[in-house]
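Everything below concerns the one structure shown next.
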Amino acid sequence: MGPSSSLTTIVATVLLVTLFGSAYASNFFDEFDLTWGDHRGKIFNGGNMLSLSLDQVSGSGFKSKKEYLFGRIDMQLKLVAGNSAGTVTAYYLSSQGATHDEIDFEFLGNETGKPYVLHTNVFAQGKGDREQQFYLWFDPTKNFHTYSIVWRPQHIIFLVDNLPIRVFNNAEKLGVPFPKSQPMRIYSSLWNADDWATRGGLVKTDWSKAPFTAYYRGFNAAACTASSGCDPKFKSSFGDGKLQVATELNAYGRRRLRWVQKYFMIYNYCSDLKRFPRGFPPECKKSRV
C-alpha cells in the first residue's frame, strides 16, 4: 500500500468515527434533568445547548434521565474561559451506592494562559485510585470539543475529538473488578474545588471573575439502556460492519493513543513508584496497547 492509499485509509477511519460520534445529536430537554444549582444550569436554543455556571454561592449540575449499561457516549464541551483556577468541570458515568462504578472526565481549571488538566479515573465496586492526567493539545475554552467514553465488557476507551487518550482493559482474570453489571447515568457538574484542583490547592478561585460558565452541545448515546435494551447503532458497532471502528481501536488508533500518552500524559498511577513502592496494581500489566 502506497503513501496516498495509507493516507486515504486514515482519513476514512477518522471520518467514520466522527460520523458515528456526531450524527445523532439528541435534545437536552429529552435526555437530561437539571438537578442542582437553582437557575445556574440552563437548557436553551430549543434544547440543543446546555450551560452550567458557578458563583460564590453555588455551582450547578445535571444528570441523564436514562441509565446505560455499555455504549458509546459523546458530548461536546466548551470549558470555562479565562482564569478558571479552582474550578472543576466534571463529566462522568456513575451508578449509586458504596460499591458504585464510575468512569470520569474531570477538567481542572487553571490561571489564565496556563493549560487545563484533564483528569481521568475508573471506579469499580467503589474503588477508584486509577488516575491518569493529561494536558490537551488545544485550548478547550475557545471552541467546542468532543469528549467520548466507549464502555464495553472488554474495555473502556476515553477519547478526545475521536483520538483515544486512555484504554482501561478488563482485568478480571487478574482479580481486578471491572464495571460491567451496574447501569450508570451520565452526570456533569461545575463546582468549586480550590482546596485541591489547581496546583494542589495553592491557587484559589478568583471570585471577581464569577460567574464561571461551561457549555454543552452535541450529546449522543449509542448505547444499551437499563429500560429499553440496546440502540441499533450500538448493536451494529459490535459486528463486522464499517462502524466497528467506533468501539474498537485499529492500528491507527493505537498509534494515536501512544502519541497522546507520550507527549501529553502528565500523570499515570501505573508508573507512580512513590505511591506503589511494593509493585503496581495488577491491571497495569494490561494497560499497554
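For all residues, glycine too, the Cβ spot is worked out from N, Cα and C.
Listed features, source Swiss-Prot:
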- E102: active site, nucleophile (ACT_SITE)
- D104: site 'Important for catalytic activity' (SITE)
- E106: active site, proton donor (ACT_SITE)
- N110: N-linked glycosylation site (CARBOHYD)
Distance from D104 (site 'Important for catalytic activity') back to N110 (N-linked glycosylation site), taken between C-alpha atoms, in Å: 19
For the residue listed as 'N-linked glycosylation site', the number of other Cβ atoms found within 10 Å of its own Cβ: 21
